[in-house]
Amino acid sequence: MPGGKRGLVAPQNTFLENIVRRSSESSFLLGNAQIVDWPVVYSNDGFCKLSGYHRADVMQKSSTCSFMYGELTDKKTIEKVRQTFDNYESNCFEVLLYKKNRTPVWFYMQIAPIRNEHEKVVLFLCTFKDITLFKQPIEDDSTKGWTKFARLTRALTNSRSVLQQLTPMNKTEVVHKHSRLAEVLQLGSDILPQYKQEAPKTPPHIILHYCAFKTTWDWVILILTFYTAIMVPYNVSFKTKQNNIAWLVLDSVVDVIFLVDIVLNFHTTFVGPGGEVISDPKLIRMNYLKTWFVIDLLSCLPYDIINAFENVDEGISSLFSSLKVVRLLRLGRVARKLDHYLEYGAAVLVLLVCVFGLVAHWLACIWYSIGDYEVIDEVTNTIQIDSWLYQLALSIGTPYRYNTSAGIWEGGPSKDSLYVSSLYFTMTSLTTIGFGNIAPTTDVEKMFSVAMMMVGSLLYATIFGNVTTIFQQMYANTNRYHEMLNNVRDFLKLYQVPKGLSERVMDYIVSTWSMSKGIDTEKVLSICPKDMRADICVHLNRKVFNEHPAFRLASDGCLRALAVEFQTIHCAPGDLIYHAGESVDALCFVVSGSLEVIQDDEVVAILDHLP
């Protein structure tokens, strides 16, 4: 790779790839502009057919095509070609070259330097056109007699097609076939390609799924989905008609936002099965129609507006309210977005608490629905005194009473009191406390309580098990630190190390731990591959490389090789690094602090850290 630090890398999505992919009819070479003699790094099939060489024969040969020079090749033209490469210029030449079978051919050769985003020439693009038919016949043994006449006849018969090929495009063709590639490969072009990373090309009405706007929009949908997960079960269970204008407007705005989300999903890219980003509008539509469209459409219909009308039948209103539960299926999409935060202990803890509260809220709504269904027997029009709602009404002083004039049952606790009591019962059951002041009495209530206890035991075990693990992870480094200190103390005590040396050992361990936070650098680097490990080591030792004069002229490869051999050590005040007479097996650079050179208990020099 020209100008790079690595020897083998994945190809970039560059304009260069477009040339290789779209110019199969042209003949060209690509040469490395950063290496001596500009070796060929790519040759297309057109050049191989034109020259008679295989691609393997051409690779790593000079881009000046010196391997195709012969006795009739003009020396001055050869020199001009080389000067063009030396000066990184763009130029055109008519040059006589020889095919692999040593047949002389006249070529129109165009040389164009390719620059990267830093305006540095990294490649040379050399294009070739066979113009032998337009030149004087080459005088050699093969062009004498009838052979020369046959060649002239062939030139006259083929001149029309060749002239058509070399004629520049007219204005109409430029309008319809205008492309940067055509301009680059046309003779006399002054527009040069660039070798750099290009942004993914998507249609103007397509949104990238990882852009900032889509990320922000997804967070809005996430918040509204949680709002829906709380309000929908409450509205369905407590049969609220949303007569409050403020709540009706809010729910209508939420429905409109979900409707807009459907429209955006029809124009948002997605990742295909092969890991590629799909931006084709037709494929995007088909994928969305097959996955989430039906659920999203059912979830954004304006059920609240229908329920707001007073003349709507109670059964139809309940049906429309029940359909809103479909919107809860969006939580599956929410769960996938939360995967990014599962590696953080605090985020997992908050997520578990939210899940526990949400499950308790749903179960509270179901618990109230069961009591509301059983408290009044619609067949006999009598009150069920064994229902938990009846017992609650008696305990708080709001009993049910029958209105004979209207023929309906009235009274009972308020909806706020009913919800708080239902949530109180589900929370005590899920946490396995169960005070018993609100207890199931009917068979249906007992069956639901059994199922809720089973769910609660699983949730309780999951949450508290994860909480224990999270706290263990949070204090893992602290426990390891104290364990290491205890081992060192036991070691010093067992071998009766002198007090002064023991204090130095403890000071060194404490200060080193405070600087490294207990992180084993060598263990982390051993996980990374060789190339990545070298990059990290260069970053860790950047202060030495940037500020010490010994490394100013070092190449990137030299710095990477040295960086992996560097080790960072910490020395406490008073520590002796080298004693007089010891063999020096390492070269040290003072990054911070200072060192004293002591001779006969006198300081003869002070070595300061890098500026």
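Cβ coordinates are placed from backbone N, Cα and C, and glycine is handled just like the others.
On a predicted model such as this, the values are computed, not experimentally measured, just so you know.
Here the domain 'PAC' (91-143) returns a mean pLDDT of 83 for the predicted model. Taken from TrEMBL, the feature domain 'PAC' applies to 91-143.
For 550-611, the entry in TrEMBL reads domain 'Cyclic nucleotide-binding'.
Per TrEMBL, transmembrane segment is recorded for 217-236 (among others).
The annotation transmembrane segment is assigned in TrEMBL to 346-370 (among others). Below 8 angstroms of C-beta separation, residues 229-230, 233-234, 236-238, 338, 418-419, 422-423, 425-427, 430, 444-445, 448, 452, 455, 459, 462-463, 466-467, 470 of the same chain, each at least six residues beyond the ends of the transmembrane segment (346-370), sit close to that stretch.
Positions annotated as transmembrane segment by TrEMBL: 418-438 (among others). Sequence-distant contacts of the transmembrane segment (418-438) (same chain, six or more residues past either end, CB-CB distance under 8 Å): 234, 238, 356, 359-361, 363-365, 367-368, 371, 388-389, 391-392, 395, 449, 452-453, 455-457, 459-460.
Feature annotation from TrEMBL assigns transmembrane segment to 450-471 (among others).
Note on the domain 'PAC' (91-143): DSSP counts are 6 helix, 30 strand, 17 coil.
Across the domain 'Cyclic nucleotide-binding' (550-611), DSSP classifies residues as 10 helix, 13 strand, 39 coil.
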